[in-house]
Amino acid sequence: WIMGHMVNNIKQIDEFVNLGSNAIETDVSFDKKANPEYTYHGTPCDCGRDCLRWEYFNDFVKALRTATTPGNSKYDKLFLVVFDLKTGSLYDYQASEAGTKLAKNLLQHYWNNGNNGGRAYIILSIPNLKHYKLITGFQQTLKDEGHAELLDKVGYDFSGNDDIGDVQKTYEKAGVTGHVWQSDGITNCLLRGFTRINAAVANRDSANGIINKVYYWTVDKRQTTRDTLDANVDGIMTNYPDITVEILNEDAYKTKFRIATYEDNPWETFKE
């Protein structure tokens, strides 16, 4: 999965898909009442990027629905969306409410109330383990609204670079048993080692681990891309999807990796 980083403006959806992304990451900021408000990152952000691009969340999600509905030229090119949920602005007790409001919003504006809505898989990426009730609030709301089937399209990620054991315990608290992606990384302005990504991959490949897929961010340089692939990740989040595509075509990688398609299930652990 080639995950276009910080796609917060409607025009950028096309831009990143055209460069080779089959997945995008979008930042979601919340208002004081825990409603998803903007797709916005703000400063500081990755080196070389404009941190201030934004849309109203509803407008972005409607455009995303259009892009990921059969008949659209992007439909079979873009099939995974990571919502990077900026819950740091919320009180801990608002996490469940944020999940409820996010679910209602996506149900209406993305899934079109279950009537021929967008088809991409969605990952809810949460920066704080304490906010795990966002997941339970989200799940319960879709069930209450009569659309539990949409949870088949939803996965989860804790993005705070916490200890993998703590992450696993938090999923147990939330009652999550699958659809788990694990991120690891740091802004492209800095370097980060591979210790934790290796631990995440080990959990993914172990008999009793909860992780299904592992991705690393933000990977922009050619050598870092190679090092990341050598760590056996499932996804690379990048500002330059065309560089990831280029490296995947190198002799060392083209037989070992392939770019995911719409037919690939992002919740299934890949077994060699």
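Note: Cβ is positioned from N, Cα and C throughout, glycine not excepted.
Values in this document were obtained by computation on a predicted structure and should not be read as measured data.
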Of the candidates Cys45, Cys189, the one Swiss-Prot records in a disulfide with Cys51 is Cys45
Can you find which of Asp76, Asp84, Asp92, Asp144 Swiss-Prot lists as binding Mg(2+) at the same site as Glu25, Asp27?
Asp84
Identify all same-chain residues not among Glu25, Asp27, Asp84 whose C-beta atom falls within 8 angstroms of the centroid of the Mg(2+) site's C-beta atoms; report them in sequence order.
His5, Met6, Val7, Asn8, Thr26, Val28, His41, Val82, Phe83, Lys86, Ser125
Whole-number Å distance between the CA of His5 (active site) and the CA of Cys51 (disulfide bond)?
11
Can you tell which of the recorded positions His41, Cys47, Cys51 lies nearest to Asp27 (Mg(2+) binding site) in space, using Cα positions?
His41
Going by C-alpha distance, which of the recorded positions Glu25, Cys47, Cys51, Asp84, Cys189 is nearest to His41 (active site, nucleophile)?
Cys51
Taking each of Glu25, Cys51, Asp84 in turn, which of these recorded positions have a Cα lying within 10 angstroms of the Cα of Cys189 (disulfide bond)?
none
